[in-house]
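Undergrad: So TrEMBL says this about it:
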type: BINDING; residues: Asn86, His91, Glu96; note: oxalate binding site
type: BINDING; residues: His89, His91, Glu96, His137; note: Mn(2+) binding site
type: DOMAIN; residues: 40-191; note: domain 'Cupin type-1'
Amino acid sequence: MLSIEEHELHTRCLIKYLMFVNGKFCKDPKMATANDFSFSGLNIPRNTGNRVGSNVTLLNVDQIPGLNTLGISLARIDYAPNGGLNPPHTHPRATEILVVVEGTLYVGFVTSNPENRFISKVLYPGDVFVFPFGLIHFQLNIAKTPAVVFAGLSSQNPGTITIANAVFGSDPLINPDVLAKAFHLDIKIVNYLQKLFGGNSE
């Protein structure tokens with residue numbers, strides 16, 4: 001038989017389990033509405049006027065609460081003509097499957113150590129490509145017109161780590177000596193890249 005203290009602890013743990021799953025609040029099913037399971041406007045082109053020429057619209061559990069615990073999310077990615085890039089990045093919690101709707105994309109991923117095999121392909125409208133769980137990958141628009149893809153990810157919160165931003169734009173900055181040695185670069189180049197990516201030295 002549980003003591004009063006053990007019973008209270010058990011109750012608190014049960015309530016916490018019922019309220020949060022994967023760090024997200026679980027809504028009472030009786031209070032759920034269609035809005036918890038829908039999103040409008042994914043047909044609208046996004047602005048690609050930035051440094052890399054791409055824009056990712058991610059629909060994860062933050063945008064669609066009904067995705068909580070379902071292990072899936074969706075993204076629309078827009079690319080500027082002539083080199084719009086979704087730069088090398090990883091999804092630490094998801095595999096990605098991508099379908100090209102418009103444009104011509106050069107895509108690829110790199111396998112893990114020690115092989116570090118580079119697997120790449122040029123994709124056209126209607127083509128599909130898979131980026132395995134956690135591997136570094138990218139997409140580059142090699143057409144003279146805008147490109148659009150839709151991507152499914154195997155997590156309600158896949159996360160994204162953009163490699164250059166993480167390495168050269170961390171907060172606080174990684175010691176430049178570390179990066180200079182790791183990338184075989186002059187330390188002046190490392191300092192330049194850290195400024196370029198807006199890293200915080202404090």
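Note that Cβ sites are derived from N, Cα and C of the backbone, with glycine treated the same way.
For the listed features, I'd like the structural context: burial, neighbours, distances.
TA: Sequence-distant contacts of His91 (oxalate binding site), defined by Cβ-Cβ distance under 8 angstroms and a gap of at least six in the same chain, are Phe131, Phe133, Gly134, Leu153, Ser155, Pro158, Gly159, Thr160, Ile161.
Of all Cβ atoms in the protein chains displayed, 23 besides its own lie within 10 Å of the Cβ of His137 (Mn(2+) binding site).
When pLDDT values are averaged over the domain 'Cupin type-1' (40-191), the model yields 97.
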Undergrad: Taking 10 A as the limit, how many CB atoms besides its own sit near the CB of His89 (Mn(2+) binding site)?
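TA: 19, counting other Cβ atoms within 10 Å of His89 (Mn(2+) binding site).
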Undergrad: How many whole Å apart are the CA atoms of Asn86 (oxalate binding site) and His137 (Mn(2+) binding site)?
TA: 9
